[in-house]
Structures are given as structure tokens and as C-alpha cells.
Amino acid sequence: MRKFAYCKVVLATSLVWVLLDMFLLLYFSECNKCEEKQERGLPAGDVLELVQKPHEGPGEMGKPVVIPKEDQEKMKEMFKINQFNLMASEMIALNRSLPDVRLEGCKTKVYPDNLPTTSVVIVFHNEAWSTLLRTVHSVINRSPRHMIEEIVLVDDASERDFLKRPLESYVKKLKVPVHVIRMEQRSGLIRARLKGAAVSRGQVITFLDAHCECTAGWLEPLLARIKHDRRTVVCPIIDVISDDTFEYMAGSDMTYGGFNWKLNFRWYPVPQREMDRRKGDRTLPVRTPTMAGGLFSIDRDYFQEIGTYDAGMDIWGGENLEISFRIWQCGGTLEIVTCSHVGHVFRKATPYTFPGGTGQIINKNNRRLAEVWMDEFKNFFYIISPGVTKVDYGDISSRLGLRRKLQCKPFSWYLENIYPDSQIPRHYFSLGEIRNVETNQCLDNMARKENEKVGIFNCHGMGGNQVFSYTANKEIRTDDLCLDVSKLNGPVTMLKCHHLKGNQLWEYDPVKLTLQHVNSNQCLDKATEEDSQVPSIRDCTGSRSQQWLLRNVTLPEIF
């Protein structure tokens, strides 16, 4: 009898599981039908229907989405809306699975239980429903609940209806408090973030862009660094989400933030000195001279103490370098935490328009940061970008007062101690155009890349591509590239500056006006008939075609 009773229990249990499986199968089948009927970009049904999709669906584990050939034209049209593959994004679950891309040593790290709480501030303007909500769900699903104080969504005057009441209704159902704050008029990223920070309540503010995906274990290492030192500002490794396929690709832990001559943020290899400081342990945070600006965490009170953002800046652009300089020069630390990974959709073009034009806004913002933080080195930037000096940059007295109040260090200290491998040469003999006496043409990098030939073109006096520096190391430099000659008669190419002299060593004679390549013993010459857009290098003759005028060659060295 006992055996028979036992069998009945087993059969009954099995029947329950079979019925449950059938119910779930029917449930998700109906859910998928609902999604097929819903308006593009808008959810249908309740939260469970929206979020739960089988994990073998499109884009799961970060795999690329393939659009069928018959939908390619529609895909291209939809792409224009947000400048990423909106069709692919809408095919992917809002809580899609992602690979764990952390270093193995990161996966076993143990963090304190009493980490500070954070408010996650996300600014959006006409963002796609799928990318915005995927950002929100990734924060909720991959963060310890007790560490998330709230999520603050700041709407920078979006015009799309589904980002109004439907969004507010949706986020009310989530298990984490989500507040939607509306800007009364288009204000830009900087002021919208300031609004979000002002209403936040967490001990830490974490800023994210509206098209991100957080991965497993992303938050704890960020908060742990701030708990260790509240003056530490931390960024995750920014992984790449393809704007074409939404494939998730791990970012490198061997790059950090810098900037070029035009004050554009750039990624550069982590230098050996930083590897030595960490004793080769790649799981330790990297001290970075600058941050990309889209994703970072900062102690809420410290954010106020160091002056938040410069509210005199407009929309977007330059604010990331401004806050980076300020953090370092005023006693803080800026790190990339290599055990934290957050994906970001990198677009090739922006879908947004800016009042007054993008260039005018960025010039104003860069002028403000240069005037407040770069001391005498601002003149280097102005020679590169003379148009910046023509913009009205507003009143900076409060920012200069902040610098005095915080007793911040000079920019020369920053270059020497934080960013000694900066592309700005600290010692140089000339900066500006290099003009050929005979042809009246100037050297021009033509916006070409490494390993390409340097160009020569009519002088335009607008800086930019025609600015070269003859450095104290006797290099002819354009940003991080130096003129290099590896064989007799050229060509003259642009290679990464290595500071080892050799093929990048040039001797300028201020009397003869010649630029002699020391290794080949030949002189820089005008272009030839065979190639009229590149300078040549030939045996030195002293002819006018080998004479060059270096702009500002009498400038004293900057120390």
C-alpha cells in the first residue's frame, strides 16, 4: 500500500508540472501575439508581458540581431528616427540576457554589505521606448535592491506621445521607485542632469545615458570605491552596443580617457606607469585623466562641494573635460573601475538638433573650460581652434571664484602629474602653420590617420588641420602624430610620436629656413608634379622650395 501511495504522489506531482508547462507555453504564445499587434515602440499589456520573453529570442546573450532581407528598407527608414537600428531594438526583450564580460578576478571579489545607496539619473530626449526601458530594466535586474534608492528619469522636453502618460503608467508598476521629471523647455544634457541631481535622494548619484545596458555586478565595485574615499569619482568600463545589430561587445580594460589638441575626448592605451602603479593587477581601478562623461557615479554631497556642472555651459559638449579637470585639480580622483561593465549604444551620428548649431555650442563650452581651468595653456588651444575666441562665453566669475575657494592646482600640475603623456607638448619652439616660401602653401594633416602621408594645401589661417608644433624634442607634431621618414626620398608620413628621435628627428635652421630630416640628411620640399597634395623630401639644395616659415617660432617655451 505504501508503494502504491508513493506512486500516486509522484504521478500527481508530474501532472502538476505538465499542466504548469502547458500554461506557460500558452501564456507566452499569447504574449507574443500581443506584441505583434502593438504600436511600434509602444508596450501592450502588463509588465510581465512586456519584460518576459524566452531567452532564445533575438539579441539574447548580447548576440547580433539579423533583419530579414524583406524588412531591410523599413529598417533603414526606422534607423533615421534615433540613428540606430530601431527595428532590431524592438525585436529584443527589455530584459535581455547578457554575457558576463568581467575579468575572472572580478567575479570572486567580495564587497561590503553597507555600501551607500545610489539614485540613478537618466536624461532622455525623444528616446526610443525599447532602449530607454531596457536601460531601466538592466539597472533594476542587475543591481542589489537595497542599493538602488530610486531611478530618476529626466525628460528634456520630448515630443513623442509614448514618452508622456504611457511612460509614467509603465514605471509605476516597477519594483523600484522610478520618478519622471519634466523639463519645461529643451535645456540640454547638462541642465537636465542638474535637475535630476537636485531631486535625487541617494547618497551617491549615478548618471547613465538613456541607451545603456548594465551587466552583472556593475554597481557594487563603483559604490565600493566611493565608500573607500568619497572624493573618488568612478566610471565603469563602457562596452559597445552596436548601433546596427545591437550586438554587445566588451570594452577594453586597457584604455583610458584623454583628449586631443581640439579638446575632443579620446581613448588612449593605459600607459605603463599606470600598470606599474597597479602592480599588473588589471582588476584594480585605473586612474584616468578624463572621463567620457555619459556614465559615472559620484558622492552626492561631493558633487555639490566641487561645483556640480558648470550651469553656464549649454546643451552638451565639453562638460566631461571640465568636470574631469576640476576633479583632479581640486583634490579629487577620477577612476575607471575595471570590474564594472555597462554597455552603451554608440551612434555614428546624432539625431538631435541644437539651437544655434552644434559647433557654436561646443565652442562656447570649451572656451569656458579653457578660461577657468587651463591657465596659459588655453592659448595653445586657441591657436588650434581660433574660432573659439570669437564666441560669447558668458560670465565665468562664479567658476573662477569656485576655483579659488577650493584652492585648486594649476593646469601645469595636471599635465605633469596626472596626464604626463598628454598630446599637448609642454615644451615647444613653434606652434601654428608651417608655410612653404616658394608656393605659399602650408603643411596640412588633411584629417588623415596614422600611417598616411602628410598633406600640403593652400594656407587658410583657420588653424585646425594646418597647426603643427615644432617641439623641444625636435619633432614636427600634429596632435599625437609626428612627421616620419623611413627611407630616402620619402614619403613623409604621420606616425604616432614615440619620442625616440630616429626617423622623427628634424633640425630647423632659422637662418636658412630649412627643415632637415636628420636620419636621411634630406630636406623637406614642396610637392611634386606627380603628387601635388603631399610635400616631398629631397637632397638639401637651399632652394626657396625647401624654405619654410614656422608661425610663432619666437614664442618662448612654456614651463
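Each Cβ is built from the backbone N, Cα and C atoms, and glycine gets one as well.
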Quick check: of ASP156, ASP161, ASP375, which does Swiss-Prot put in the same substrate site as ARG186, TRP316, ARG347, TYR352? ASP156
According to Swiss-Prot, ASP209, HIS211 bind Mn(2+); which of HIS341, HIS344, HIS427 is also listed for that site? HIS344
N-linked glycosylation site according to Swiss-Prot, picked from ASN95, ASN141: ASN95
Mapped DSSP class for ASP156 (substrate binding site), helix or strand or coil: coil
Structural state of CYS106 (disulfide bond), classified by DSSP into three states: helix
Per DSSP, three-state class assigned to CYS442 (disulfide bond): strand
Measure between the Cα atoms of every pair in ASP156, ARG186, TRP316, ARG347, TYR352, the residues the record assigns to substrate, and report the largest value in Å, rounded to a whole number. 21
I want to check the contact list for ARG347 (substrate binding site): same chain, sequence separation of six or more, C-beta distance under 8 angstroms. What comes out? ASN82, GLN83, PHE84, ASP243
For CYS523 (disulfide bond), the number of neighbouring Cβ atoms whose distance to its own Cβ is within 10 Å equals 25
